[in-house]
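Undergrad: One structure, pasted below without further comment.
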Amino acid sequence: MNRAGRREWIALGVLVLPVLLISVDMTVLGFALPYLSEDLAPTGAEQLWIVDIYSFVLAGLLVLMGSVGDRIGRRRLLLGGAALFGAASVLAAFATSPAMLIAARVLLGVGGATLMPSTLSLIRTMFLEPGQRRLAIAVWGSGFSGGMALGPVVGGVLLEHFWWGSVFLINVPVLAVLLAAGPFLLPEARDPAPGRFDAWSAVLSLAAVLPVVYAVKDVAKHGVGIAAVGAFAGGAAFGVLFVRRQRSLADPMIDLELFRRRAFSVSIGTNMLGVFAMTGLMLLLPQYLQLVVGMSPLVAALWMLPAAVASVAGSLIVTWLARRIAVSWLIGAGLLLAAFGFAAVALWGAGTGAAVVVAALVLVGFGVPLSEVLTNDLIVSTAPPERAGSAAAVSETGFELGGALGTAVLGSVAMSIYHAGVPAGAGAAARETLGGPWRPRRRCRGPRRRRCWTPRGRRSSRACGSVPSSAECCWWWRRSRRPCCCARSEQDGRNRFSPRALRSPPAFRGRGRRGPRRPEGPIVSADRGQSVIAYASTSTSTSGSNR
């Protein structure tokens, strides 16, 4: 079997660039949202579309773009998507109205849908030797984790010195390197006999995925309603039609026979559950650190930095471990570590030292990528090389759906607990957003001041984080016919908050070159009534999260 040489490893560095870029973009938009809200003054509905439209378009086009890459060439699709992503980034940076920014986010979603499947499928093409391929996927995943670590820091620095559009302009130089080096370093790869392109399959794939993503996001914002149920039912119906059409075609868009292979289907399910659990940490912990503890965005990002560093370490060390330990045991062990980490974060108390908190975050950050690197390797290695693009697209679609479900379920649980803890006279605006407790909290004294968020909030976080991870452990150990020893991954305990939890959150101190100084008040404007789920979902709604 041919082993990859120096050229392929240099090309891998080029493939990591779009992954790094997407992960940085996931985090910086959440920090820029308050600033662009003051500059463009979007309505609550427009702000939700600014956040959500990217994930809608991206999730709907992933399957289609994977099939297109198999037909026209994955390198060509990657470079074309990178050019579109760069142009859309410039358009978003200099947007003068909410409608213009929403249109730019649509184009970003189209470009983003080409990047992730193309990079993963090209890795499958360039690295044929299993050990090298696993290491390449580990480097690919560590690029995503590294971007998650750099994103908040880069965003904080940019927003302290420049206007909000600078968070989009950072895409341009990175993509310029990709466009310059890609044609010389990346090989072209496509299906040698792709067959006829079926337009109806493309339409049905969009009609199946988009309503489901809309439904889970609508549940996160408004709870279960007629619109969400109708959208989910419609998406499911189109999904059935899509599957039936794929079975009847000689050259289907997705080879459904891949799902008959246990390694492929179980790996996709494991990734979905993993991102579902990780969404809870990315959704709730930053808000707790800023809204309850009173940290600035940059300080909160630094507190979460150990988890990102551990993610990089976990992604890189897994290849060494896989040569000595069975893959099924490694995947189960990684998920078990993550389950204990989630439980420890949930038990974070007032007397808990910083070292314990950092250790809990490190367990989560180390455990999740330890398993996901191996499952991603199983996904791309199980599929034949000519179907690598479609297999990678299915994997990314499952990742998107897992993130959307995590946002919907965990966001709904958090908002329900928050509504139950807000004082009766707090007012409608305070009940609409998690930023609203800054006002009603002033009416509370002593332990009551923290009840909008605790202790029930972290109990729900513990259940939604450690239980899925524990379930995945059992799944993998049962698959390898080993006794499951992870039925219980947490212990009950008193939920208290860390020191300084009563401190009032500081105002933003930075003044950008455009726009006014941030006033005193919540990060999420209560008077505009926007949902914090929209504010937070930028950290979980793009392709790929903490891999």
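Each residue, glycine too, has its Cβ placed from N, Cα and C.
Per TrEMBL, the feature compositional bias 'Basic residues' maps to 439-459. Per TrEMBL, the feature compositional bias 'Low complexity' maps to 537-547. Annotation comment: TrEMBL describes 11-443 as domain 'Major facilitator superfamily (MFS) profile'. Per TrEMBL, the feature region 'Disordered' maps to 430-459, 489-547. The transmembrane segment annotation in TrEMBL covers 12-36, 48-65, 77-96, 102-123, 135-155, 161-185, 197-216, 222-243, 264-289, 301-322, 329-348, 354-374.
Give me the local environment of each listed feature.
TA: Among residues of the same chain six or more beyond the transmembrane segment (77-96), those with a C-beta under 8 A of the stretch's C-beta atoms are 18, 40, 65, 68-69, 103-105, 107-108, 110-115, 118-119, 122, 165-169, 171-172, 175-176, 178-179, 182-183, 186.
Under 8 Å from some Cβ of the transmembrane segment (222-243) lie the Cβ atoms of residues 201, 204-205, 207-212, 214-216, 256, 412, all in the same chain and six or more residues away from its ends.
Counting only same-chain residues 6+ beyond the ends of the transmembrane segment (301-322), those with a CB under 8 A from a CB of the stretch are 27, 131, 134-135, 138-139, 141-142, 145-146, 148-149, 152-153, 156, 281, 285-286, 289, 295, 330, 334, 357-358, 361-370, 373-374, 546-547.
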Undergrad: For the transmembrane segment (197-216), give me same-chain residues lying six or more residues beyond its boundaries with a C-beta closer than 8 angstroms to one of its C-beta atoms, as numbers and ranges.
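TA: For the transmembrane segment (197-216), the list is 55-56, 59-64, 67, 71, 227-229, 231-232, 234-236, 238-239, 241-242, 245-246, 249, 251-253, 397, 400-401, 404-405, 407-408.
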